[in-house]
Structure formats: C-alpha cells, structure tokens
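Visitor: Before we start, here is the structure in question, set down as structure tokens.
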C-alpha cells in the first residue's frame, strides 16, 4: 500500500506539487486568521443561578432559596456537581456539567428546572441565570479615577453604571460588563419614630404613600387641530423636594401630613457588599469586561480598548480610565514566545540537516517538510475550532524534530543508493529517468517502516486524548496539534518528499566519507560496537543494570499537578475570618494595596474586597481579590524572579488575621470553578451539623500548620458570623393583634431598610430606601425600644412582642451537592504538592477524629492530579499494546517487536535523571513528555532494526543453516549499524536540537513546555546511546538462537 502510494505520487508529481502549493497557501491563510489566546479554556461547562433576597441573613437565604434550588438542580441531566453559596442578601448556585456538554443546551435545561422550583421560592424573589461566560471570562478590568476631586465615588459609580457599562455591552462577544466598587446613590427616607407615633401613621402607610407617589400613567390620546396628542400624567419622584411633598394623610381638620413632617429625606450610599481600591491611594469605581463563552479574547479586548479610547472625550473633566488587568498582554507574550521558539527550532533543525547531509539542496528537502506540516496542522485546527495558544503551539513545537525524521532517513537512503549506483557504474552517467528510478526505489525501501514509525509516534498520544476534565482540556490541544503535525509529516514523507528528492538531489552528491562529522561518528562507534558484538550478553546485563539506576532519582523527584504558569500578573487572595464590616474591609484593603505597591517590581494594584455586580462573582465581603500588575521583566531588579517577588510580597504584607495567598489570576479562577478551592491544596469537610463541621475544620487547620511545606492554612468558620436574633413571642404578639409576619415586616423595614421603588432620572435608576435612623438601631438595647404602631393603633415597643439577643451563626453557607461544607485553604511552598498532601493525609488520620455523619475530602489541584494519574495508569499499558501490534505488523516477528518495545524503558533512564537534575517534579506535563518520548524512542528502534534487517537480508548466506557463520553475522550487523550511523545520529540530533529552545525558554508558557521537553531530551540522550548497542547485541543473540533452532 505504502509502496503503491509512493510510486503513484512520483508518477503524478505535477498534481502532487500543485496540491502541496494549494495546501501551503491555504495553510498560510489559516495561520494568519487563527484566533489566539494564552491558554485553552480549562473551565467546566457551568450555569450560574443568582437570586437576590435583600437584607436576609445567610441561614434564611440557605433555607428559603439555596436549598430548594440545589436539591432541584441535582436532577438536571449531565450535572456532575451542584455548589450552593448562601450569603447576606444573595444566593448563588453553580451547576457544573460533564465534559462535552453544549453550554446552551445546559442553560436551557437549567432554565427548565428553574421554572419548576420558582413556586417554592419566597414571594417577590426571582432567580436568574448568570451570563453565558466561562470561569475565565474576566478578560479586562479598569478603574475610574478622579484626581481633580470634582467627582465623588457616587458620581464615578453612576458614570460606570449608566454610561460606560452600556457602551461596552454593545461590543460583540461581550457577555456582561460588571460594575465594582464606588458607591451606589440611594434616596434614603429616614423615619422619625416619635413623629410617626405622634401622627398615628404606620410604616406600612408610609411605604404605600411612597409607592403611590412614584408612578406615571397614560391617558390615551386626544385630537387637537387635526393632530394627535398623547396624554401623560407625570408622577416620578426626581428631587428631594418631590419626596418632601408626598402626602401621607390628612388630619381631622383637613391639614395634610407630608413626608417631611415624619421623616428626613437625603441622598446617601447604598449598603455596600463590594469595595474597590487603586494603588493604596483610595477607593475607586471600576468595571469588569466578561467574555462570552468560546469567543476570541484578544479581538474582544482590542475592541474594548478602542471603545474606551473613543469614550474618553465623553468623560467628565478630571475623570480618567485606568487599565487594571489586561489579558491580551499575556496572550501576546505567550504567542510571541512560542512563535519565536518555533522559528528557533526551524533554524536549528535546518543547521543540523545541513551539517549531516553536507548538501544544501538535500537539506532543503527535509526543511521544507516543516512549513508544509505546519500548514496541514493549522488547516485541521481551523476546522476543529482550536485556537492558537501555549498548548496548541506547544504540540507543534515538540513535534518539529520528529517531523523531519522520515525525510532525513529517506534523503540519506537516496544518497546511499545514488552513491552505490555510481560505484557500480563508474563509467556511466546518471540520466534523469534512471535517477528518478533510483530515488523512487530508495524511498520505497524505507518508506513503509518510516510510515509505521510516524504512526507509532502519533498513536503514542492516545493516553493524552483520554484525560478528562481540566487536564484533558489543557493537554488535549497539544495532543491534537502534535497528532496533526505528525500525520502531516507522515503524509508528506510518502507523497511529497520523494518528488522533491527527485528534483533537488542532483549534481555531485558528496560521499558520506567526505563529511568530517560522519567520519567522527564512525570512528567512535566502530570500536565500541565490535566490543558489544563480542560480548552481547554482558552488554545486555549492563544495560539492565543502568535501568535500575533510576530508582534513586525517582525517589527524589516530587509530584505536582502542573507547574505554576507565570502569567505576568498576580492575584493576592488572603484568607480572613468572617464578620468584618465594610469600613474595616476598606481600611484593610488600602493598607495591603499600599504595602504591595512598595515592592519596586509592582506597576499597579487594583484591590477588590467583596463582589462585583455579576453572577460570576460570589465573593463575600471578607474575600479579598487584589490584582497585581507587574512591570516588564527588563525593569526588574537584577536577579529578581517571580518566586523572589512573591517571597518579598509575602514578607512585606503582614497584617494580623490575614493568611496570605499569591496565585496567578487565570489559574486561580480555573481552580475555583473546577474544585471550588482557591488554593493549590484544599480540604473539604462535609456533614449535617454545622457545629461539628466547624470543630473538625479547626482541628484540621491546626494539624495542617504542623506539616512541613505548609506556608499557610486557614479554615472557614461556619459559625463566625455575628447575629442579633429577634425571637418573636407569638402569644404576646397576638395580644396586640399582630401576627409573626407583622412583626417580621416591621423588623425588615425599620431595621433592615425596605426598598420601596426607584427613581427614574433619564436612563438612570436609583433605589429608594425606607428605614429608622441609625441611632434607633445601633445596639440591641436600641432595637428593644423601637416603637411599633399596632393594627389597633396602640403604641408598643419591639421588646413587648419579642426578645432581642446577640448570638453567633454562619456568615456564609456553602454546600456541595446539597451537603453543608467547610473548606480549609492550604498553600504549600518549598516542597512538592504530592509530598505535602501525603503527610497531611497521614497527620489528619492520626490526630483528627471524624464525627458521625462527617467526611473529609482533599480537593484543589491534588484532586485533578489523582484523576489524571488514575487515567494514565490504565491507558499507557493499553497504548504500548497497540504500539506492539503495529510493530508486529511492520516486522511480522514477535521477537523483533518485543526488541523495540524493550528500548522504551531505557528512554526513561535519561528522562528521570534530567528531571532530577533540573529540579522538576513529576506532573501531568512531565507525564506528557514521557509519553511523547515513548513514541520517539520506538521510532528510533524501528529505524535501527530496519537497517539491521536490510543488512542481514543483503547477505543470503545467513538464511542458510549450512553457510551461516557468526563472523558473517557480525559483518552484516556492522554494515547495518556503523555504516548507517548517519541517519540514526541525524534522527536523534534533530529531535534534541528541536527541543532545546523549548527547554531553555523563559517566556510565558515556558514553565509547562520545558517540563514536557525535559524528559524527551533526557530520554533521547540515553535511549539512542543504549539502543545503538543493545539492539545489535540482542539482535545478534536472536539470530544465533534462530540458527540453533534451524539446525
């Protein structure tokens, strides 16, 4: 089959070259137009349900809103995890779906089940779906700053809410623009309880009057002078004077009682659950641009920047927009870095080819397969919808060396056969027809084995395709693009390369002996191989012992899920205890931001505590998320690295009650979505009794702090909230003609503040709040004395119908699959994650006694690593079996297939030793490198064995038991090994040379790519060295055994 394809391609070379030209043009177009991003979208398919229940405590929100929603969503088809968050005034439910679920199908199913549960929610409470965005949709953030002092926080927030937000939402593929920080303007109707009692007016009557005085109505239309006039009765509240003139009732003598008689109307700030701060200089308002799921981040960011630039002229004087996070910077750095590495690889591979072949046109034949293979890979990427990112380009990068292997072997074999033809016909001139015939025969001779070897490299990535969840989404693009590139190289090797050889390998072909590099290789290899063939069993014993040397470094190498990717920015997410006030949170935020700005490498600090106005942010007030923009690396102090910056920040920011955590922004948001945990290691304690969960979480926190490598550990306190409980006495309330609902309505309105509508001021809408003065509700004693007007117009106090007590309770409730859960956040440093977790598990098992009904589960990146390891343990052996079958089909002998498979362990030797030497941990990235190494090592074995077989087949006496001799066998093995050392050395050299730029790279994304390249380079140093000696030695023993059997 392969022979037929080669011969038909050469026969129809014009059509093949036209097809190659078409592919190159099409591929160039796709390369230019392929969307780019920094990383693949690693987030799970999620649908967020946000429900506002203003003024309600977390326990009430959990009981009345979150619990009905989470229990219903557990039945949604395809849902694998349902997380609930109940906090003050808001409920968030995250429905996480299985991989491969269509996001819009998921939204429709959630909406369907949401309609079923809507009737179980409290009156007036309505759940809504969050934006169709992923967990990493926060692509651009900005702050509004007024350095002139002309505009306060309320003005800045209004500018964001009613101008910038709507302008930016018009940009295609922007799912949402969330406001954060600043102050929302609010009309506050502050009731004087004494004046209210004096006039005998209840709170309910005030609410009714406010509602009735803030409406507009239409009166149809009338005709005047042959024209239509629409009738409108204006009634919106627009000024404080409008509020003051609201009539509440008329006295007995007909004098109206106005709102101003019983209340003070003022403009003030709405209760805040989110605060933003810039550079430690003070509070600001800001916005977050959220990308629609699956769209092009860089294009959208560019459109956002252009839009903001055009809007600058429309901003009030003194107001400026400051960019506080811009993912396009990371995208550009990552793509530029990987593109540069690919170019370096191309150049290095070209130099290696030229040095070995010692013929420029022959080297060009091998080199041209690289851009053609790249075009094929990008064309398939385009149809699959893959974008260009660190991982997809990385797949091509690790394939570059192997892509030219087949071309190299074919070219070298063509050189050899042309040299032999000249030797056999010293007086003849090689005409065009004969040259094409020699080159075609040379291609057919090695083509099938090379095609099988490239197929083996392609199939070696099957385990990567089977990875699930986040690890599958991260390494899937790498596996796809490497597969496409290798498949393209295999196709080119049997279709295009023979044709290019026929056109370009012309004129005087320098003999192999004229190349000093080749002479050096033969001079070194020759005596060593003679010794190996003289003592084949000793050679195999030494090789087996060399494999055992990996036991020492393997025990020293730690484990992790993925290395920390340097995104160029940092996220400061300290863990704090709950119950902090808004004023204290703002003060703490400014202090930490100011300390962070003191580090010279920091360019800008955008601090956020609490949440932005979006369903994608469920942060409670005590959760700090500070985005740190760093200066370009060339502006850092000499010797500074990201690790050193984090260490200096950690030593600088030291405030009581804060457990520091420094994480990359994208990585953190991915982890929080997939596992719910913001730290690399997390422990989830689940149960039914909140007190038991709290006790266990605190015990685990104490134990965790004693484990080596744990930098910080903090358990959430479920019972850390402070409550003032109003316990209604039903009997006493009944004596005054009041129900429990009447008292609750009074507490909600007078203490919590009732939202009684909003003003309409152009396109702006501002809330109206009704409540008692601060002095009447600032202590339990003041609450007890709150006056109540009963339905029978009696004046009583709250203490007459209820007991007011101070207690503790949950500040925020979290559930996973409807079970209450507490999370312990653990940050590990100076030690690998796997070792820390193993010690943690041991310490918890020994020192923490589980209470009945509770359970402990490790989460975070460790959970993802365990899942990936489990999958690879199943799939790697299966893949080796598939490779073995392919080898058997190629050589038709079990022994020869086993011989090549046995070379794979020798590749591990160099890979593990290089990992240890470079200080890398075992991870999914290094595992990917080892899997790629297995395919390349098998390919080298195929090439080696192919030449040995050809040499033996060229000596007919070896197949005859009567003429067989060990001396002739050694001579054949010598010819197959030493005289064909050039293509083997080239195969190794181009792979190592192609990977070195990746290993030594330091730019964005190099943390992952270097760990993929390290085991491949280490393995390609030891595997070929051992295989150059082991395969001839083992093959000799195999033939000697075969000869004894024949005799």
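Yeah, the Cβs are placed from backbone N, Cα and C, and that goes for glycine too.
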Visitor: Identify the transmembrane segment range according to Swiss-Prot, selecting from 422-442, 485-505, 506-526, 569-589.
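Guide: Checking Swiss-Prot against the ranges 422-442, 485-505, 506-526, 569-589, the transmembrane segment one is 485-505.
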Visitor: Given 258-278, 279-299, 300-320, 363-383, which one carries Swiss-Prot's transmembrane segment label?
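Guide: Matching range for transmembrane segment: 363-383.
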Visitor: Identify the transmembrane segment range according to Swiss-Prot, selecting from 835-855, 898-918.
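Guide: Among 835-855, 898-918, the range Swiss-Prot annotates as transmembrane segment is 898-918.
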Visitor: Labelled transmembrane segment by Swiss-Prot, one stretch among 215-235, 236-256, 446-466, 593-613. Can you tell me which?
Guide: 446-466
Visitor: Take the transmembrane segment (532-552) and find every residue of the same chain, 6 or more past its ends, with a Cβ under 8 Å from one of its Cβ atoms.
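Guide: Same-chain residues near the transmembrane segment (532-552) but 6 or more away: 905-906, 908-909, 912-913, 970, 973-974, 1022, 1026, 1029-1030, 1032-1034, 1036-1037.
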Visitor: Count, for each of 363-383, 485-505, 898-918, 985-1005, the Cβ pairs lying under 8 Å from the transmembrane segment (1012-1032), and report the range with the highest count.
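Guide: Going through each listed stretch, the top one turns out to be 898-918.
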Visitor: Contact between the transmembrane segment (871-891) and the transmembrane segment (390-410) is defined here as three or more C-beta pairs under 8 Å separated by at least 6 residues; is that satisfied?
Guide: no
Visitor: Mark yes when the transmembrane segment (898-918) and the transmembrane segment (446-466) have three or more Cβ pairs under 8 Å (sequence separation 6 or more) and no when they do not.
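Guide: No; fewer than 3 Cβ pairs under 8 Å.
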Visitor: Counting only residues 6 or more past its boundaries, what in the same chain has a CB within less than 8 Å of a CB in the transmembrane segment (14-34)?
Guide: 371-372, 374-376, 378-379, 381-382, 387-388, 495-496, 499
Visitor: How about long-range neighbours of the transmembrane segment (363-383): same chain, 6 or more residues beyond its ends, C-beta under 8 Å?
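Guide: 20, 23-24, 26-28, 30-31, 33-34, 342, 346, 349-350, 353-354, 357, 392, 396, 399-400, 403-404, 407-408, 411, 480-481, 484-485, 487-489, 491-493, 496-497, 500-501, 504-505.
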